[in-house]
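As recorded in TrEMBL:
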type	residues	note
REGION	112-218	region 'Disordered'
COMPBIAS	115-134	compositional bias 'Basic residues'
COMPBIAS	136-154	compositional bias 'Basic and acidic residues'
COMPBIAS	155-165	compositional bias 'Acidic residues'
COMPBIAS	173-193	compositional bias 'Acidic residues'
COMPBIAS	201-218	compositional bias 'Acidic residues'
Amino acid sequence: MAGRGRGRGKNVSFNVEALGFGRGEALPGPISQPPPLFPTADFKPVPFQQSEEYDYMLALKQEFLGNMRKSPFFLQASHKRKDIERYSDKYQAAAEVNGKWKPDWRRLPAELKPRVRKKTKSSIKPSVKVKSKVKLSVEDVSKTLEELEKKEVDQGDEEEEEEEEGGKKKEEGEVEEEEDEIYDEEDIEEETDYILSYFDNGEEYGNDDDDADEGPVY
């Protein structure tokens, strides 16, 4: 168990001099000042070469960026202005954003080009006869009104006649029913009289033999 422990802390795996001080030296004191804004660069940038080719490439780059910002597909972050809105702001926004985009259709397929369909008038006309409007005079209107009144009067008379005929038929039907009832009562009375007069219950059977004891008569 005692041989397992090893002195790992004695051997340091990194170079202490990379931190800015050597071995055995005291640690640097705390710094209370902020670091410099632009620290010294170890490697300075290569100087820009001025030539016509570089100037042309720079102009193309700026033109490309300007066209992209003016495009209707350019997305801008919506930020609120703390300043007061001015009259010239809307003109600046209109100048920056171009709402219409006119592509070069010679470089694009024809299937992508929108087509505006024009409404074509149909040469075939429906065969519908238009009724000619007839101008009605005052006399024609009065005649039609009189005819309608006559029709209404005739219909009323016909309805009254039908009602009278229906009433007569009802009265005749009631009289016939009463007569049938009278006949039925008379038939019932006759049937009962016949039954009472001709009904033999068998009580008088054998009375002749009891009364005549003398014997049979020849």
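Residue numbering: from 1, along the chain as shown.
Even glycines carry a Cβ here, placed using N, Cα and C.
Here the compositional bias 'Acidic residues' (155-165) has no Cβ contact under 8 Å with any residue of the same chain six or more residues outside its ends. Mapped onto DSSP classes, the compositional bias 'Acidic residues' (155-165) shows 11 helix, 0 strand, 0 coil.
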